[in-house]
Amino acid sequence: MSPHTLMIVMASLLLGTSLTLFSNHWLLAWMGLEINTLAIIPMLTYPKHSRATESAIKYFLTQATASMVVMFAIILNAWMTNQWSLIQMFYQPASILMTLALAIKLGLAPFHFWVPEVTQGIPLLSGMTLLTWQKIAPTSLLYQMSPTLDMKILITLAILSTILGGWGGLSQTQLRKILAYSSIAHMGWSVIIILINPTFTLLNLLIYILTTLTLFLLLNLTSMTKMKAITNLWNKSTPLIIIIFLILLSLGGLPPLTGFTPKWLIIQELTSNNNITTAILMALSALLNLFFYMRIIYSSTLTIFPTSNNSKFHWFHPQSKTTNIIPFLTIISSFLLPLSPMYIILSP
């Protein structure tokens with residue numbers, strides 16, 4: 001992709017997200033979502049490949065369907081209440097339709113089937129953008145209309161997402177699919193708490209984006225897309241693979257890493273609001289995610305022990321990819337748990 005095209009695409013992504021974040025009118029927010037969808041299509045189709053084109057078409061059709069439902073919910077709410085403000089989605093059927101449409105855009109279960117397929121067919125950096133940046137605008141809309149959301153629907157979407165996201169990643173060997181199912185599960189954690197304490201939703205989304213961004217940059221640095229490739233990385237860079245395993249455990253929510261922070265706070269908030277059964281189900285479903293992350297570490301370190309066999313050594317090529325931001329992101333996505341008391345004090 002030429003630098004000029006890339007600049008236009010990135011500027012369009014920034015414009016679409018900013019328009020959704022800072023708008024108070026539903027039509028402007030809808031325009032931001034559409035700009036976001038159209039701007040990322042060139043990224044998904046580059047380099048030109050039949051699988052990338054198929055993934056881009058799947059993504060476009062899914063997002064177009066969700067946008068149609070969003071527009072229908074906007075018009076229905078305006079027809080019944082004569083209100084176009086984001087915080088005034090008072091008509092309950094319109095609010096339910098909007099929740100389901102944004103669930104499609106976020107890839108929440110049972111509307112999650114497009115996420116692994118699209119992520120698997122595109123390059124690593126495009127998948128990074130799809131699983132991080134594209135989650136910001138729909139989550140901001142849910143955040144702004146959170147007082148009008150239905151708790152039963154949110155609980156159903158969240159529990160299905162965490163269970164199916166964890167269960168779907170158990171049998172995967174492709175790292176991009178594993179991260180796609182991880183995205184589904186983490187979006188479930190964001191949705192479950194948005195009605196009770198929206199601040200924790202933003203915290204969970206922020207930590208998820210930082211951790212996933214770090215992991216994708218590390219995988220792109222080493223050009224790894226399969227679990228088998230991690231085994232051979234021991235002979236190339238042992239510190240790098242240790243960092244990758246640390247990020248994976250943080251994504252799984254293992255204490256005392258950063259990824260444990262939002263799960264701990266969300267479970268604590270659910271328990272204090274008498275949602276004990278929901279908190280137990282969410283905690284048990286988190287074990288599924290942690291299990292398939294541990295499976296990657298087990299299959300990469302314990303089943304095939306590093307040896308001096310020459311067949312395992314790869315030719316060392318000069319590294320041309322930038323690594324300046326990776327150490328900073330690694331520290332943030334792994335060692336922020338001591339700051340958790342500050343989050344509790346600052347949260348309303």
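Each residue, glycine too, has its Cβ placed from N, Cα and C.
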Which one of 5-22, 23-40 shows up in TrEMBL as transmembrane segment?
-> 5-22
Stated TrEMBL location of transmembrane segment, expressed as one of 83-104, 325-346 = 325-346
Name the range, of those listed as 5-22, 153-171, 202-219, 280-305, that has the largest tally of Cβ pairs under 8 Å with the transmembrane segment (240-260).
-> 280-305
So which residues does the transmembrane segment (178-196) touch in its own chain, when a touch means Cβ under 8 Å and the partner is 6 or more beyond its ends?
-> 103, 106-109, 112, 115-116, 118-120, 127, 131, 135, 139, 142-143, 146-147, 149, 151, 154-155, 157-162, 164-166, 168-169, 172, 204-205, 208, 212, 215-216, 251, 262-263, 266, 269-270, 273, 275, 278, 282, 285-286, 288-289, 292, 296
Note the mean pLDDT of the domain 'NADH dehydrogenase subunit 2 C-terminal' (290-343), expressed as a whole number.
-> 66
